[in-house]
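TrEMBL has this to say about the protein:
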{"type": "DOMAIN", "residues": "A:86-163", "note": "domain 'YdbS-like PH'"}
{"type": "DOMAIN", "residues": "A:291-349", "note": "domain 'YdbS-like PH'"}
{"type": "DOMAIN", "residues": "A:410-486", "note": "domain 'YdbS-like PH'"}
{"type": "REGION", "residues": "A:173-213", "note": "region 'Disordered'"}
{"type": "TRANSMEM", "residues": "A:27-45", "note": "transmembrane segment"}
{"type": "TRANSMEM", "residues": "A:65-86", "note": "transmembrane segment"}
{"type": "TRANSMEM", "residues": "A:229-254", "note": "transmembrane segment"}
{"type": "TRANSMEM", "residues": "A:260-278", "note": "transmembrane segment"}
Amino acid sequence: MSDGLPVPAPGGATAPSSLAWQRVHPVTPLVKGWLVLVVVVLGLLRSTAEQGDGDGARFALHHLAWVLLGIAAIVVVAGTYSWLAWRVTAYAIDPDAVHMRSGILFKQHRKARLDRIQAIEVRQPLAARIFGLAEVKVEVAGGDGSGVSIGYLTERTAQELRADLLARAAGLGAPSSGGKQAVAAPADGTDAKHAPDAVTSAAGPGPAPTLHATEAPEQPLFEVPSGRLVASTFLTVEAWVLVLVVAGAVVAAAAARTPAVLFSFVPVLIGLGSALFGRFNRSFAFRAATSPDGIRLRHGLTETRAQTIPPGRVQAVELVQPFLWRRFGWWRVHVNVAGYGREANAKGPTTVLLPVGSRAEATTALWLVLPDLGTADPLALLGEALDGSGPSDAFTAAPRRSRWLDPVGWRRNGYAVTARAVLARSGRVRRRLVVVPHERTQSLGLEQGPLQRRLGLASFVLHSTPGSVHPEVPHLDARDARVLLDEQSVRAREARSQDLSERWLQPPGARA
Amino acid sequence: MTDDAPAVRAPGDPFDPPGLEWSRVSGKLVTARLVPSLTTVGLLAVVGAVVALATGAAWVWVFPTFFVLLALWLLWLVPRQVHAIGYAERADDLLIRKGIMFRTLVVVPYGRMQYLDVQRGPLTRALGLASLQLHTASAGTDASIDGLPAEVAERLRDQLAARGEARLAGL
């Protein structure tokens, strides 16, 4: 059906014809577009009902037939379009990459290299859960929206696809262990290029020619009890603002002696409430585990997600303790993963490694990312990094004169360097620690404003991939900052040259 | 030594370490930056003067005077800004420094460069200039060098790309 349109092969040099294309599940358009459909239908019905107000129900009834006909027409058109779109939406896996093609008029063929996979997520929005479907999102390091979303698939296919992708990305080639149906599996990954060219496009969502890798065994590490999650949600600034707004609305309504005033507060309440609920919804039933494939995270109330972040993919870690959490000793842990970007919208990936947890759990989360902190006594160092202030053996702190620029938190500002990572400590009210492994440093910078210059201070910045973590050490002594910049560029270079995290399970000798 | 001692400026300047040879950008960049900004400011000054003459009110002369002062300030500032831009090629990374009041220094390792852009606008092309921008996987890396002579930009791009190729690491 694509014959009529001169579509340039977007893959360029790749030969997509030799790939075994698999279709996604036929229910996909319904799951993706149900909300639009509902809105259109409701909108039409409502406008009919409003028209009926004046001339009575007879008028509305007369028009109802036309409205129903209109809805039917929309359903037919949308259905045909969706069916056509579904026909051209397909995915395929070859030894080096995962391919996804879609689009009727504007065709897209996206190829994500397996050795560049940064994370894999199995996402199940509420509508998809009803049908037992799931979407597999493969994040590669290309900035926001560069990943490949394969969906929707049946839950089982999605799990198998994830395991298969991870096994291939890990450098295991075509896994032979699962092998209950070696459909298109060559004996080893090296000549999978000569896999059967059978384009199983007519097979529908049936058994995919994936290799059915057995899922790597995992070891649970921590989970977040819902009670603590609720408590921590209420112990945030947003929650207090919400309470204040509600109180203000009630007082205003009482003063004006009319409940109508309450309605003017509705937008604010909805905004704040949805932000809070969104955070709660995502972090609900948060569980973390470790496996040879990397970090496994499962969470979500209405929409469940299962994230897998392979080893060495985390670019930076941040441990934060908001002021209200201090007496409970809770911490939140965020990570930067290339391709994740900022946590911009509800559909975007979650950058949280631990929504709320004890200090021990936060330390475990850090250990997940960086098993070896590169120091003899990691616990002592972390203790100093989380609660400590001022200079010490490990930490170089900001000088006393920086109190002019940061009167509250200047004692906490400082850094420590271990054999594996930089630890940047800051914040007295809201305590913060950022850890960046040496081999994940992108570029480095120094910044100095006019006041800093007078005081002989400079801020040191580590540029990490886009995300919620921004590693920097503010207001250091200018000479310290300079020394750190020079030494860190050497350390980063050395660490990079020994970094072997791509194809992480492949023996080093087998690397190209 | 007390911690509060005033900063020693010259010897310990973190933005000008010894043993580094800084390359400066072309002085023509002053023209390239001044022409558009002075044109705008000059037009606004003319408009202000016309309005002042038309109305005849003395206080309206505040506006053209302001724009003339702004133009003088730009004439003083931009050459200094351009002079403050510098870059240095080291064995494994490129250093770029900028700014007078708010100074920044960026170190970009060659192995971290994802791609390089050479950009030329109509005015910069007429002056034989080009700007080179380095991109890493981080959006925070603000590594661009404006006002390179075109052939230097091309040479630098090829040279940096070759070095990046040799040292390319994963993310």
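Cβ coordinates are placed from backbone N, Cα and C, and glycine is handled just like the others.
The DSSP breakdown of the domain 'YdbS-like PH' (A:86-163), given as helix, strand and coil counts, is 21 helix, 39 strand, 18 coil.
Long-range contacts of the transmembrane segment (A:229-254) within the same chain: residues 260-262, 265, 268-269, 272-273, 275-276, 279-280, 283-284, 286, 322, 324-325, 328, 330, 355-356, each at least 6 residues beyond the stretch ends and with a Cβ under 8 Å from a Cβ of the stretch. Only residues 6 or more beyond the boundaries of the transmembrane segment (A:27-45), in the same chain, are considered here, and those with a CB under 8 A from a CB of the stretch are 67, 70-71, 74-75, 78, 82-83, 85-86, 89, 125, 127-128, 131, 133, 151-152.
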